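Annotated in Swiss-Prot:
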- 17-37: transmembrane segment (TRANSMEM)
- 45-65: transmembrane segment (TRANSMEM)
- 75-95: transmembrane segment (TRANSMEM)
- 104-124: transmembrane segment (TRANSMEM)
- 149-169: transmembrane segment (TRANSMEM)
- 224-244: transmembrane segment (TRANSMEM)
- 258-275: transmembrane segment (TRANSMEM)
- 287-307: transmembrane segment (TRANSMEM)
Amino acid sequence: MFGVTLAELSASLGDPVLALGLAAFALLLLAIPISFWMVSGGSNSAVVTLLVALANLVLTAQLVLRWWQSGHFPISNLYESLCFLAWACTLAQLLVERSLSSPIVSAAATPMALLCVAFASFALPETLQEASPLVPALRSSWLVMHVSVIMCSYAALLVGSFLSMAVLFTDRQQTLELRSSSIGTGGFRQAKLATSSMDQSDGLRLSSINLSRTEQLDSLSYRTITVGFLLLTLGLISGAVWANEAWGSWWSWDPKETWALICWMVYAAYLHTRFSRGWSGRRPALVAVAGIVVIVVCYIGVNLLGIGLHSYGWFFEA
């Protein structure tokens with residue numbers, strides 16, 4: 001699926017839009033090993049932030065150039081939407097890192113943008129990478145409103161969900177027993193600290209640091225997912241209004257509409273467990289991880305089917 005010939009790579013370098021996509025891929029690919037090295041004890045967080053910021057600027061230039069070439073907002077095919085999603089993921093990562101400067105954030109978030117750019121650059125056929133005229137139904141201001149908001153919601157939900165996944169791994173490094181939480185912010189918790197061969201004061205100090213980091217990740221993932229959920233809600237509402245204007249129906253149970261609703265319900269369940277049940281830590285994190293699978297099915301899986309109004313085409317046969 002990811003096999004790219006030398007001739008195809010040369011052709012990509014000849015197209016400035018595709019070349020910018022490859023440049024963003026190279027920057028993100030370079031950032032990943034550095035971010036994981038930081039997690040293991042390195043101290044080059046500024047380097048990763050710089051690489052991700054450069055990748056975001058390159059993707060911005062790519063989208064603006066495609067917009068200028070095509071004459072419409074660049075989210076009309078799978079290549080453009082993947083690049084837009086990568087742009088939104090890098091932007092979300094940079095915003096999250098302003099709240100919590102931790103190597104875990106970059107190690108969890110950077111691979112998502114890399115996968116989006118890699119899939120767009122190396123897996124899609126040329127027919128889905130080229131700009132094409134919009135069909136009449138898509139020549140609407142609702143295109144920018146609906147699709148861009150949905151893509152941004154996916155980015156926020158994915159970043160938040162991968163931060164929740166990081167909570168699962170950081171929890172494993174300590175014996176943390178959660179009792180309750182104040183609306184997902186970790187307001188009250190009890191921790192059972194593990195004993196070790198070191199003296200008690202050192203053990204308490206290390207466990208307190210780990211607990212604080214886990215709480216921060218848990219709270220930050222909750223807030224990021226909340227933003228993504230609100231954007232997803234807005235995207236679904238705008239999509240329904242647009243559908244009614246274009247086709248005379250608010251909801252048609254199109255495959256992507258159905259899976260978008262499932263996605264909304266999964267993250268609604270996540271927020272319910274945080275807000276109403278007082279869950280925090282591992283249990284809501286598992287719900288968020290399930291949301292990642294639903295987003296992948298909703299965004300990529302529907303295109304594998306090649307059916308419905310939202311499908312960009314069955315790209316394995318394109």
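Any Cβ shown, glycine's included, is placed from N, Cα and C.
Computed from a predicted structure; not experimentally measured.
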Cβ under 8 Å, sequence separation of at least 6 from the ends of the transmembrane segment (17-37): give me the contacting residues as numbers and ranges.
11, 44, 47-48, 51-52, 54-55, 58-59, 61-62, 65-66, 69, 83, 86, 90, 103, 106-107, 110-111, 113-114, 117-118, 120-121, 129, 131
So, taking each listed stretch (45-65, 104-124, 224-244) in turn and counting its Cβ pairs to the transmembrane segment (149-169) that are under 8 angstroms, which one gives the highest count?
224-244
Which sequence positions outside the transmembrane segment (258-275), separated from its termini by at least 6 residues, show Cβ-Cβ distances below 8 Å to it?
150, 157, 181, 183-184, 222, 225-226, 228-229, 232-233, 235-236, 239, 283-284, 287-288, 290-291, 294-295, 297-298, 301-302
